[in-house]
Amino acid sequence: MNAPFEKDRRNRRVAVVVVAAGRGERAGQAQNGPKQYRLIGGKPVIRHTLEVLAKSKRVGTIAVAVHPEDSSLFNQAREGLDGDIRAVHGGASRQESTRLALAALEEVKPDIVLIHDGVRPFIDEALIERVIEAVGEDSGALPALPVSDTLKRSGVNGIITGTVPRDGLFAAQTPQGFPFRPIYEAHQKAWQSGRSDFTDDAAIAEWAGISVRLVSGSPDNVKLTWAKDIALADQRLGPAMTELPDIRVGNGYDVHGFGPGGHVTLCGVQIPHGKTLMGHSDADVGLHALTDALLATCGAGDIGTHFPPSDPQWKGAKSRIFVEHAVNLLRARGGRIANADVTLICEAPRIGPYREAMLAELSDMLQISPERVSVKATTNEGLGFIGRAEGIAAIATATVAYPGSLGN
């Protein structure tokens, strides 16, 4: 037995591989996207999984195997989470994705690695602890539950050919834990041998001669495989949003002065005018104020934090980009926009003829119904720089509901 490995079990370095590169065909991926990014309880499935792992005091680096086409979805889902969470491009199979994520952890040199399905969001700290404590120098551990259903063997045309005894049968779960070096080498050996038919990491360990110990699993630790699984998970988490919703209101303000030009852009609509607004991007004061209001609801700073005026890539950019970025951030946190209100303050141009077009633009950007959006206009009664027609100001308010209660 390796003494350093065992002498202080509480100080062993633990890393996690989260496998989340699948396409989710069985859960209706074609219509609704990969299941790990489907919303349950107002947040992506993978977000729930990562929140539990990131909060664990035993877990260090988390390497998440992500499909290359899902990088943006993953970044939105993990936004705001603390800890060393790394995205790794996955492969064509679960086994290949796991091997690539393990390779990414080589530089971390963990003592133990937990390998977990990204679509098992209902893990808990106690389960993580049981698996870690059961891992030895040269042996792994996996959570499992005794098989309780009667098992039948089927033959041709679905005719039962026998009943399988349940004695000694267990349904495996994740996270499955292993000493890092042995399981990584086992994955490498399987890859080099052309073996890609293993259904979990414990099977690879067994094939490589690594013993694996069973620990008590959790009935709650279900894998979301089918569309109905996701619907049931959403129902399970739904009350957190409906019983004591966390309602947040954010405000935003922006102002830009006029310069030479022939039009202004307000709330995404181009309006003919004898001057243009000068400033960041297309200087859409309405959308800039709205972006700040949305960011305020999730404590994500302001527009300048995400899109610095000094960065030349945003020169002349459409401000719609900023609003959609803020919407993605709050939705990654489970936010649902209830209302957005923009007040434009100017002597000219007239806003009334363009109000309906503005409402349609905002509704599309925010992905909410037009009834939840408001655009108003007022003058400054001839007072100040606005009254002198030197510029336009905007005030915006956003109301967003987040999962959980005010106590969270």
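Using the three backbone atoms N, Cα and C, a Cβ is placed for every residue, glycine included.
Annotation comment: Swiss-Prot describes 1-247 as region '2-C-methyl-D-erythritol 4-phosphate cytidylyltransferase', evidence class sequence analysis. Across the region '2-C-methyl-D-erythritol 4-phosphate cytidylyltransferase' (1-247), the prediction's mean pLDDT works out to 90.
Taken from Swiss-Prot, the feature site 'Transition state stabilizer' applies to ARG26 (among others).
Here Swiss-Prot flags LYS35 (among others) as site 'Transition state stabilizer'. DSSP assigns LYS35 (site 'Transition state stabilizer') to a helix in the three-state reduction.
Look at Swiss-Prot and you will find ARG166 (among others) tagged as site 'Positions MEP for the nucleophilic attack'. When secondary structure is read from DSSP and collapsed to three states, ARG166 (site 'Positions MEP for the nucleophilic attack') falls in the coil class.
Long-range Cβ proximity for LYS223 (site 'Positions MEP for the nucleophilic attack'), meaning a same-chain Cβ under 8 A and a gap of 6 or more residues, is found for ASP117, VAL119, ARG120, GLN173, ASP229. The secondary structure of LYS223 (site 'Positions MEP for the nucleophilic attack'), as reduced to three states from DSSP, is coil rather than helix or strand. Annotation comment: Swiss-Prot describes LYS223 (among others) as site 'Positions MEP for the nucleophilic attack', evidence class sequence analysis.
Look at Swiss-Prot and you will find 248-408 tagged as region '2-C-methyl-D-erythritol 2,4-cyclodiphosphate synthase'.
Under the heading 4-CDP-2-C-methyl-D-erythritol 2-phosphate binding site, Swiss-Prot lists ASP254, VAL255, HIS256, HIS280, SER281, ASP302, ILE303, GLY304, THR378, THR379, ASN380, GLU381, PHE385, ARG388. Under DSSP, ILE303 (4-CDP-2-C-methyl-D-erythritol 2-phosphate binding site) is assigned to a helix (H, G or I) in the three-state scheme. Packing around ILE303 (4-CDP-2-C-methyl-D-erythritol 2-phosphate binding site) is summarised by its Cβ count: 26 other Cβ atoms lie within 10 angstroms of its Cβ, all protein chains included.
As annotated by Swiss-Prot, divalent metal cation binding site applies to ASP254, HIS256, HIS288, with the evidence given as sequence analysis. Taking a C-beta cut-off of under 8 angstroms and a sequence separation of 6 or more, HIS288 (divalent metal cation binding site) has the following same-chain neighbours: GLY252, ASP254, HIS280, ILE303, SER319, PHE322, ALA394.
The feature site 'Transition state stabilizer' is assigned by Swiss-Prot to HIS280 (among others), with sequence analysis given as support. All chains included, 23 other C-beta atoms sit within 10 angstroms of the C-beta of HIS280 (site 'Transition state stabilizer').
The annotation site 'Transition state stabilizer' is assigned in Swiss-Prot to THR379 (among others). DSSP classifies THR379 (site 'Transition state stabilizer') as coil under the three-state reduction.
Considering only the recorded sites LYS35, THR379, the Cβ with the fewest other Cβ atoms within 10 Å is that of THR379.
THR378 (4-CDP-2-C-methyl-D-erythritol 2-phosphate binding site): 12 other CB atoms within 10 A of its CB, across all protein chains.
PHE385 (4-CDP-2-C-methyl-D-erythritol 2-phosphate binding site) sits 11 Å from THR379 (site 'Transition state stabilizer'), taking the CA atoms of both as reference points. The Cβ of ARG166 (site 'Positions MEP for the nucleophilic attack') has 13 neighbouring Cβ atoms from other residues within 10 Å, across all protein chains displayed. Here SER281 (4-CDP-2-C-methyl-D-erythritol 2-phosphate binding site) comes close to PHE307, TRP314, LYS315, GLY316, ALA317, LYS318, SER319, ILE321, PHE322: these same-chain residues lie at least six apart in sequence, with C-beta atoms under 8 angstroms from its C-beta. Neighbour counts were taken as the number of other C-beta atoms within 10 angstroms of each residue's C-beta; across the binding-site residues ASP254, PHE385, the minimum falls on PHE385.
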